[in-house]
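Enquirer: A single structure is presented below for examination.
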Amino acid sequence: PAMLVMGLTGTKLGCAEGGCGACTVMLSRYHPGTKQLHHAVNACLAPLCSLHMAAVTTVEGIGSVARKVHPIQERIAKCHGSQCGFCTPGMVMSMYALLRNNPTPKMADVEEAFQGNLCRCTGYRPILQGYKTFSADGECCGGKEKNGCCMKNGNEGLQSSEEITDATSLFNMEDFAPYDPTQEVIFPPELMDSCRSLCFHGERATWLQPTSLKEFLLLKWKHPEARVVVGNTEVGIEVKLKNMVHPLILAPAFIPELSAVTHSEDGVVFSAACTLSHVAAELRKAVRTLPPHQTEVFLAILEQLRWFAGLQIRNVAAVGGNIMTASPISDLNPVFMAAGCKLTLMDKGNGSREVQMDDSFFTGYRKTAVRPQEVLFSIHIPYSKKSQFVSAFKQSPRREDDISIVTTAMSVTFTPGTDVVEDLKLSYGGMAPITVLAKKTANKLLGRRWGEELLQEACSSLAEEMTLDPSAPGGMVTYRRTLTLSLFYKSVFHLFHLIQLFHLIPLFPLFHLIPLFPLFHLIPLSVDVSAAEGFPGVVSFLFADDVPGSNVTGMRQDETVFADGQVTCVGHIIGAVVADTQIHAQRAAKAVKIQYEELQPVITIQEAIAARSFYEPIRTIQNGDLEAGFKQAEHILEGRIHIGGQEHFYLETHVTLAVPREDDEMELFVSTQAPSDSQAFVAKALGVSANKVLIRVKRLGGGFGGKESRTIVLGAPWSGASPVFLDRFHSVLHVLLLQVGFLNSGKVVALDVSFYSNAGNSLDLSQAIMERALFHMENSYRVPNIRGQGFMCRTNLPTNTAFRGFGGPQGMMVAESWITDVAHSLGRSAEEVRRFNLYLEGESTPYNQILHGLTLDRCWDECLSRSGYEQRRAAAQLYNRQNRWTKRGLAVVPTKFGISFTVNFLNQAGALVHVYRDGSVLLNHGGTEMGQGLHTKMVQVASRVLGVPCSKIHISETSTNTVINTSPTAASVSSDLNGAAVQNACEILQKRLEPFKAQNPKGSWEDWVKAAYFDRVSLSANGFYRTPDLGYDFETNSGRLFHYYSYGVACSEVEIDCLTGAHKNLSTTIVMDVGRSLNPAIDIGQVEGGFMQGLGLFTLEELQYSPQGVLLTRGPGSYKIPAFGDIPTELSVSLLRDAPNDKAIFASKAVGEPPLFLAASIFYAIKDAISAAREESGLTGPFRLDSPASTERIRNACSDRFTKLVPEPQICSISVRVEIKLNYFIHFLCSLN
């Protein structure tokens, strides 16, 4: 809010919890010892009070298009590293802070700088590629190398086949302005004075900032209940997201003694306010200068800090805060306990005392042995001994910037010169309400020789000691217990490499082991706002009776603006608070008291099936003779697979600004993909005609389908001219039942599949999504006898909606599952069976559409060639023979995506083009810009048709008073539809200008325009386009459904850690048919961005709900999208050459949604690697792997001797993820000869 008041709108508010980096700014302070210091920080967690004597630099402060862009801004733009642009200011400022501290960073420094930044659009590669040009060890050649750009449209080191050397660079290094660090803004001299004690009073809290240790201890003595805050990374979350109030806050960050680092004879002492970045820097310095045997503990801490949150958090979070937070899943506390660190506590009355960080320090969940009036002064981290070896491991869903599932640290000390265990400390986080020591196991091993017998006993003992209740918070009970054994083994394995005592301790395989939530379905009885009425800033409260028009809304008119009579899901809006600020409105809303009568809910798909709770119609597509097909089949498989739903995670959430105008008019600035639908919803709610409502859309900070229909929840703009912000929504959920018949040759001859989707509490777009899933149920494979059925379940979850792909990826995912299992059951290569079943030119789909212009075979062959598939496969097989606990896998996956809205009337678009007297062109069309480059492509189309430079053409915005009755920007058809409409309008203008060109053939564009104007010729034209010859009928299974298809193939290689379930994406090669690309840089960006979203869908992102239907994974703290570190190490994207498409504008093809499914190649490469691991345990043939392929699922699927030590819990956990996500069931029964 403070920056908005100052007009600084560049810094974006994304997650508001320090997890996305969109709000990154640079904070600069002056320290007498180190002079000035620059840090990237999260503005959303930085209290205004903490900025005294600090210089804050926002993205506006380093450059702008109004004056001059900074080289950092220039390079991310020219390297195509910005799509929707919402995350870009944060990326820029992270890089800027790095360069201010280190003008010539290494590439590893660049990668570390972005650990706290997320992007949902680009796929990250162009950002890294652009900023690689600043690094000392990674400057890009700019396309000057013999074989094209060193990056090959991807990462360094990618080697394609020898004959394919046509990779080109997407930017020219010579176009970049040089970076001169001497020209940066100086630190303000007035901020170099020493700080003084401060006191700030707010509405609900007081902030005290002492500057001496004596003053701090006195304040804590007087106010033992006061919270101590340094980085605000914990308290900020409590206040913002948990509605907690801390009346008194003590901020001791400016006390010199609390930021000191002291080196002693037996270790290093860090004062409690030292930031984690400072701790890491000091420990790295110690590792470089001290003898290696003294730095074991330091290396273990550094390994944990390497993956601890993002750099923005580490720059402000204090080591003392990490300890005092007492999180049971702390990354550092297990190391501190295992290493025997000591803490110094101080208070005014009793002076200081020293306590050991052992099993008595943490006394309960989020509780310690520190007394209320005491403060943590310092932590002593000891040097390790010559015979001591320390290791630490963390397992989390995502490698970078993620909270732990289980952490462990082990410290082993041997009797000098022997292999006898003298001391052993083994600590775990994530296995109890506190960090725990495995004391029983450790005590059993003391005095024993380190060998196979000892380690077998240790694993058996750990399995007994590290138990969890089946209903333990966090769920994943079996996985977490297995991790205690796996991480112990990794510690042992790490120890062997560290101590090099192979002559004393034999390395052996461990093969001989035995191993108050809101309610969801209710009737509100009373709503009491009296407690909230007196809150500051509150203006009024609005409910269903206050809607001036109709309270009924929704795509199917089955929703309400405000709940009326019945609440059907958690989050169902009962009313609205009108207040002067967002914070005041949030506080008042939480104070409203509501009494309910609870009704019996339906939450899961299984419950919906049992209750027959379905929406109509139930769709069916059938082709061929199913009964005859199964009789022909020599084998039949049945089985099931669950596929999880996906959070859109656009960094800009839903937002609307409503401005009342005269005569009942309403002007709205909306973040929507569907302006005309928003116009209709608002008009109905207001009780006015559509011509009184104006919807304006400048740009969206990401959409991905979530802003297509769900803007209806903001359909109450009559509340006044105030902005409305809402959280994100989720993609549709599915379940599937399947039976597949096939021959010994691998040819699939019959398929019977039933889809079930969890539509939620309203139908929304679920019918169209289900239909597209059915249209893609065979993916790219010809199945002569096929039937698909689709059931949409009515449940008491918030309605699920569209996501990029719109059901297509889910249908195709199931096809890849059964074709993989067909191959496994036959003992054949999955790639061989896929290739054998691919569609051929002229064959027909299950909905009787003949395939013309098929390029699947070309994409397949080129992908295998470019990826070096045969060589990679051979290398992976060799690697797997040589490694027991890591395995590699490969997969080649095709996609065939139909292009058109499946609802026929939406296949239309309009455009309006104005040519002004000076020759400039204003272009309007019906599509919205959300990072996909639509506006850029439309300008290119107009430029090509009119024959004028792109610089003369401008698009201001999308609005309902320029182009009317627009279709949503969705279904990947926006370039096709709007491009053709723009072409039509421009051709009309060109025809009008032809006489003037003929009269003055040597004239300029401006000359012709002026001549036409003076001759009273209209220089404004409307364009229109409708896709021809479309019209499918479900009842007869006939008619042309899609205008054409986009094709692509991806080959991916992964490496899995069989002990933890973690995986690395080693390489991906994509060949995509986009016709004759309108803009290759944009199209490659769309392929990469879609691929990374699919990677999240299939390997990482997972929605978790409580049994009451409350979404538990909200925000980046608990819901993990892919980060920079998830990009395949080698990534190559190629656009298929010589494949013009005569069905779309300038022979191009759609590119928005089709690439997403290619990330399934990562999933099936993981499954291939798991197969190799299972073979080591004697397990062969088809097996079930649900999506996403999380660390938990990968580890459990590997099924080895360790997992046998941890049996499945007898009682289903009430806290684990309830399987209501895109829950596919595929029943695979094997009836093999």
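A Cβ is built for glycine as well, from the same backbone N, Cα and C atoms used for every other residue.
Because TrEMBL annotations are produced automatically, they should be read as predictions rather than curated entries.
Relevant sequence annotations retrieved from TrEMBL are reproduced here:
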{"type": "BINDING", "residues": "CYS15, CYS20, CYS23, CYS44", "note": "[2Fe-2S] cluster 1 binding site"}
{"type": "BINDING", "residues": "CYS84, CYS87, CYS119, CYS121", "note": "[2Fe-2S] cluster 2 binding site"}
{"type": "DOMAIN", "residues": "200-386", "note": "domain 'FAD-binding PCMH-type'"}
{"type": "BINDING", "residues": "VAL228, VAL229, VAL230, GLY231, ASN232, THR233, GLU234, VAL235, PHE308, ASP331, LEU376, LYS394", "note": "FAD binding site"}
{"type": "BINDING", "residues": "GLN673, PHE704, ARG804, ALA971", "note": "Mo-molybdopterin binding site"}
{"type": "BINDING", "residues": "GLU708, ARG772, PHE806, THR902", "note": "substrate binding site"}
{"type": "ACT_SITE", "residues": "GLU1153", "note": "active site, proton acceptor"}
Enquirer: Out of these binding-site residues, CYS15, CYS119, CYS121, ALA971, which one has the fewest other C-beta atoms within 10 Å of its own C-beta?
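Expert: Relative to the other binding-site residues in CYS15, CYS119, CYS121, ALA971, CYS15 has the fewest Cβ atoms within 10 Å.
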Enquirer: Quick one: pull the CA-CA distance for ARG804 (Mo-molybdopterin binding site) versus the residue listed as 'active site, proton acceptor', whole Å only.
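Expert: Computed Cα spacing between ARG804 (Mo-molybdopterin binding site) and the residue listed as 'active site, proton acceptor' is 6 Å.
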Enquirer: How many Å lie between the Cα of the residue listed as 'active site, proton acceptor' and the Cα of ALA971 (Mo-molybdopterin binding site)?
Expert: 7
Enquirer: Hey, for the Mo-molybdopterin site built from GLN673, PHE704, ARG804, ALA971, who else sits with CB inside 8 A of the CB center?
Expert: GLY703, GLY705, GLY706, GLU708, ALA802, PHE803, PHE806, THR969, ALA970, SER972, GLY1152, GLU1153
Enquirer: Where CYS23 ([2Fe-2S] cluster 1 binding site) and GLU234 (FAD binding site) are concerned, what is their Cα separation in Å, rounded?
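Expert: Between the alpha carbons of CYS23 ([2Fe-2S] cluster 1 binding site) and GLU234 (FAD binding site) there are 17 Å.
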Enquirer: Which of these binding-site residues is closest to LEU376 (FAD binding site) if you go by CA atoms: CYS84, PHE704, THR902?
Expert: CYS84
Enquirer: Do you know offhand how many angstrom separate GLU234 (FAD binding site) and CYS119 ([2Fe-2S] cluster 2 binding site) by C-alpha?
Expert: 24
Enquirer: Please give the average pLDDT for the domain 'FAD-binding PCMH-type' (200-386) in this predicted model.
Expert: 95
Enquirer: Calculate the distance in Å between the alpha carbons (Cα) of ARG772 (substrate binding site) and CYS121 ([2Fe-2S] cluster 2 binding site), and round it to a whole number.
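Expert: So the alpha carbons of ARG772 (substrate binding site) and CYS121 ([2Fe-2S] cluster 2 binding site) sit roughly 23 Å from each other.
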Enquirer: Among the recorded positions GLU234, GLU708, GLU1153, whose Cβ has the fewest other Cβ atoms within 10 Å?
Expert: GLU234
Enquirer: Using Cα-Cα distances with a 10 Å cut-off, which of the binding-site residues CYS84, CYS87, CYS121, VAL228, PHE806, THR902 are near ALA971 (Mo-molybdopterin binding site)?
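Expert: Of everything listed, what lies within 10 Å of ALA971 (Mo-molybdopterin binding site) (Cα to Cα) is PHE806, THR902.
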Enquirer: Rounded to an integer, what is the Cα-Cα distance in Å between CYS121 ([2Fe-2S] cluster 2 binding site) and PHE704 (Mo-molybdopterin binding site)?
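Expert: It is 9 Å, counting Cα to Cα.
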Enquirer: Could you state the whole-number distance in Å separating the C-alpha atoms of VAL230 (FAD binding site) and THR902 (substrate binding site)?
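Expert: Spelling it out, the Cα of VAL230 (FAD binding site) and the Cα of THR902 (substrate binding site) are 55 Å apart.
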Enquirer: Give the maximum pairwise CA distance in Å, whole number, for the residues GLN673, PHE704, ARG804, ALA971 listed as binding Mo-molybdopterin.
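Expert: The two farthest binding residues have Cα atoms 12 Å apart.
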Enquirer: With CYS87 ([2Fe-2S] cluster 2 binding site) as the reference Cα, tell me which of the binding-site residues CYS15, PHE308, GLN673, PHE704, PHE806 is the closest one.
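Expert: That would be CYS15, the closest of CYS15, PHE308, GLN673, PHE704, PHE806 to CYS87 ([2Fe-2S] cluster 2 binding site).
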Enquirer: So of all those binding-site residues, CYS119, PHE308, GLN673, which one's Cα sits nearest to GLU708 (substrate binding site)?
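Expert: So, spelling it out, the nearest of the binding-site residues is GLN673.
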Enquirer: With the cut-off set at 10 Å between Cβ atoms, which of these binding-site residues ends up with the most neighbours? Options: PHE308, PHE704, PHE806.
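Expert: The largest 10 Å Cβ neighbour count belongs to PHE704.
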Enquirer: At 10 angstroms around each C-beta, which of the binding-site residues CYS20, CYS44, CYS87 has the fewest other C-beta atoms nearby?
Expert: CYS44
Enquirer: Report, in whole Å, the straight Cα-to-Cα distance of PHE704 (Mo-molybdopterin binding site) from VAL228 (FAD binding site).
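Expert: Answer for this pair: 41 Å between alpha carbons.
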Enquirer: Taking Cα atoms as reference points, which of the binding-site residues CYS20, PHE308, GLN673, PHE806 is nearest to CYS119 ([2Fe-2S] cluster 2 binding site)?
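Expert: The answer is CYS20.
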